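A.B. asks: Could you have a look at this structure, given as structure tokens, before my questions?
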């Protein structure tokens, strides 16, 4: 099954491709829409994932997959939330520094990564799946692997950040992995819709 990857984010593509490829699902990444054309006006991760997937499916008349993800920190919930990528407005490193600064006098450092995956068909049909990864915010930036908030996020049961644990651990345990697992569990329903309804 071929699905358009509805994002320009190379890191997300690599992570999702490694998870989906063994299941005979091929991500097509050479389909691009100027991000300025897609207004992520949703108030939830699910809504924004649906907006992106629907835009690509409609433009290219093909099934599209999109994700919207971020981190929710209990002490300042619902932030950074859907604003995770642009929390500081100055990129990943400054986002992380801002979080550490906001939490410096707070005991509660619990946090969770959230990922919403949306599969959209050109006819408007959409399937959505959510995954979470629980953990805590570190006291300092640690590790150079990964991207986003990985250098300050310590998964439950670990002492290292995702930035230290690396891609092998993340591929198996991340919020994106959990969301994609939920998608894969429902894969037959999606394939049936593709074969017997949309392609009819």
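Glycine is no exception: its Cβ is also placed from the backbone N, Cα and C atoms.
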A.B. asks: Given that Swiss-Prot annotates 7, 8, 9, 10, 11, 12, 147, 148, 149, 150, 170, 175, 176 as substrate-binding, name the residue from 69, 77, 88 that shares the site.
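C.D. replies: Record source Swiss-Prot; matching candidate: 69.
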A.B. asks: Could you work out which of the binding-site residues (7, 9, 69) has its C-beta surrounded by the smallest number of other C-beta atoms within 10 A?
C.D. replies: 9
A.B. asks: What's the most sparsely packed of the binding-site residues 11, 175, counting other C-beta atoms within 10 A?
C.D. replies: 11
A.B. asks: Taking 7, 8, 9, 10, 11, 12, 69, 147, 148, 149, 150, 170, 175, 176 as the record's substrate-binding set, what's the max Cα pairwise distance in Å, rounded to a whole number?
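C.D. replies: Largest Cα to Cα distance for the substrate-binding set is 20 Å.
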A.B. asks: Just the number: how many Å between the Cα atoms of residue 68 (active site, proton acceptor) and residue 11 (substrate binding site)?
C.D. replies: 13
